[in-house]
Amino acid sequence: MTDATTPRPHPASPAAPVRRSLLIEDARTKRRNAAERRFRAYGVVAIGLAIAALVFLLFTIFRDGSSAFFQTYARIPVAIEAQVVDPAGNRDPAEMQKVLTMGYGKLLDNALAAYVEENGIQIEGLSERDLSTFFSAQGRADLRNAVLADPALVGTVIEAPVMTSSRVDGMFKGRVSRDSAARDAKTSVAQYELAMAMEKQGDLQTRFNWDFVTSTDSSDNRPEAAGLGVAILGSLYMMLIVLVLSLPIGVAASIYLEEFAPKNRLTDAIEVNISNLAAVPSIVFGILGLAVFVNFVGLPRSAPIVGGLVLTLLTLPTIIISTRAALKAVPPSIRDAALGVGASRMQTMFHHVLPLAMPGILTGTILGLAHALGETAPLLLIGMVAFVTTYPSAPPEGFLDPASALPVQVYNWTQRADPAFFERASGAIIVLLAFLLAMNLLAIYLRRKFERRW
Amino acid sequence: MDDVRLAERAVDTDARDIKFQCRDVQVWYGEKHAIKDVSVDLLDKTVTAFIGPSGCGKSTFLRCLNRMNDTIGIARVEGQMLLDGENIYDRRVDPVQLRARVGMVFQKPNPFPKSIYDNVAYGPRIHGLARNRAELDEIVEKALRGAALWNEVKDRLHETGTGLSGGQQQRLCIARAVATAPEVLLMDEPCSALDPIATAQVEELIDELRATFSVVIVTHSMQQAARVSQKTAFFHLGNLVEYGDTDDIFTRPRDPRTESYISGRIG
């Protein structure tokens with residue numbers, strides 16, 4: 001308004017031509033350039049913050065989780081005493097089954113006591129309890145399985161690696177120190193010193209822990225034995241179901257909506273609702289899955305089939321939206337060309353438009369799958385959080401067996417008290433991230449491979 | 001205007017059969033009345049040019065001739081368009097069959113992102129024109145020769161069609177249209193995206209195609225219309241203002257609007 005009341009001579013008006021040197025920045029240009037520099041600085045700061053957050057996240061996860069991939073084992077001679085494991089003395093596996101895992105614990109206790117004596121290890125206050133909690137309960141179970149599988153071992157002395165308890169394992173991962181051992185009811189300073197002495201002798205070894213990736217979840221008493229096997233299988237089964245169901249349904253729905261459906265209020269409503277579905281909180285899909293698939297249809301709880309169906313519903317809107325975008329992006333000249341030589345609408349679609357839209361469709365599908373892989377909330381509601389220690393069988397029967405899922409396993413482990421579970425939760429996140437990264441790389445690869453110029 | 005060439009290309013159009021007989025054609029795009037009361041007879045083995053200012057409806061009318069407007073939901077066509085005496089807007093007509101007989105070449109070269117061979121072979125394949133590979137090869141070669149492209153591409157038939165130059169791509173599109181053995185060839189400004197040399201090649205080709213097909217070409221260039229066509233139709237604001245022999249239109253226009261347009265006063 002002030003401009004109107006106090007008119008200034010217009011610099012470009014023909015009456016007063018003002019020539020300024022190009023070498024000097026005038027005030028207006030200066031302001032403009034400053035604004036541009038400010039904007040760029042904002043961008044650099046924003047990206048810097050994002051990268052810092054990502055690095056921090058990855059750093060903490062790897063710091064806490066990488067130790068889950070390593071496990072400490074003791075290698076000491078263990079005498080398989082016949083009177084303990086085979087009281088009947090006839091080497092009959094059926095009779096030997098009656099000796100419970102607890103009995104094998106005695107073998108390990110005796111072996112450790114013998115080891116301490118033999119090597120002359122003198123530790124003040126080393127109690128029987130320190131010896132019996134030195135090994136993981138899983139160690140006894142492994143030993144029992146080995147003997148039952150091969151009764152010839154009875155009466156011999158074997159030297160197999162035996163899994164140590166989570167506390168002993170923690171001593172070599174920085175989780176348990178001498179001071180924390182003194183305060184911990186589940187270990188003691190004497191046990192700490194025993195472990196250190198055995199380490200010095202070279203009879204404790206830390207090696208890569210394949211069991212973490214392959215074995216099943218375990219109870220609170222033996223966190224050191226917990227693994228991701230069931231969760232990985234469960235996630236894999238669900239992804240298979242999601243892929244097999246949502247890709248054809250999603251692509252068919254998008255083709256129909258994009259190419260064949262009449263444009264009227266009904267299709268408008270469908271369109272709006274598909275976009276809305278993509279924004280519905282995932283837990284709502286979980287409630288729906290519980291009500292429909294479990295309670296109404298009667299499918300078993302905790303089964304990958306239910307999880308897969310729920311995740312399919314969750315992924316469909318994403319796939320439909322990205323597929324429609326990919327179909328729209330195909331230039332109309334290609335459709336014209338195909339129609340012009342007398343191709344039907346369906347031929348045009350399947351011979352020309354769909355192949356050109358394929359990279360976009362695949363990218364959208366894989367990103368949808370990656371989203372589904374990391375989804376936790378709906379799976380909690382349909383019982384995938386259950387404690388499962390048996391592997392689901394091979395598909396298709398396995399789709400009905402109880403299983404877990406990777407993100408649910410992470411959630412589950414973070415709820416448990418033992419610090420070894422916390423370490424495993426971080427380890428499971430690493431596995432999950434590795435799968436997500438692999439899927440994203442696959443998406444990029446497919447996009448590059450199928451990308452065509454027109 | 002190039003009078004020498006005009007005279008050379010003039011043929012006795014009265015002796016030709018009528019290929020397309022259009023009566024009282026009306027086209028609406030929603031509320032917009034795009035074509036008003038157009039009646040025109042398009043002749044066989046003749047090049048007919050549609051000229052007129054932008055938005056006059058010439059492309060719309062052209063796209064009605066093979067029902068490409070069907071793909072636009074809001075387009076509505078009324079009136080009669082008889083191809084060899086059969087109304088192409090009859091309910092029993094499948095546009096797919098019609099388009100096999102009335103081929104089309106578009107403004108921008110739009111080869112499929114496939115090999116040169118597959119581009120040409122696509123139409124014959126979907127219409128089942130070849131019984132075996134040898135026949136298909138023959139059709140492809142004939143179409144490419146017909147489009148004056150064979151000598152340039154015969155050694156690289158399996159390279160991608162989008163890798164050709166603009167003019168070659170447009171001739172590939174013509175070969176693709178010719179391969180389905182149509183009777184009418186519609187061309188919607190086929191040279192507007194081409195350089196002058198490629199344009200000259202395509203125009204020469206159009207003149208050769210006249211021996212086999214009825215060619216209808218929409219063009220913005222009056223020189224081009226004069227060079228390639230025997231019949232010219234001048235459209236203005238959705239009306240067919242004047243239709244007649246090309247040299248009559250360009251030398252003795254009857255309607256003042258035609259005269260204004262060809263002399264550059266409107267358009």
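Each residue, glycine too, has its Cβ placed from N, Cα and C.
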TrEMBL tags one of A:67-88, A:353-374 as transmembrane segment - which one?
A:353-374
Among A:39-62, A:228-257, A:305-327, stretch most in contact with the transmembrane segment (A:353-374) (C-beta, under 8 angstroms):
A:305-327
Where else in the chain does the transmembrane segment (A:305-327) make close Cβ contacts, counting only residues six or more beyond its ends and a cut-off under 8 Å?
234, 237-242, 245-247, 249-251, 253-255, 257-259, 274-275, 277-278, 282, 285-286, 288-289, 293-294, 299, 353-354, 357-361, 363-365, 367-369, 371-372, 375, 378-379, 382, 384, 399-400, 403, 405
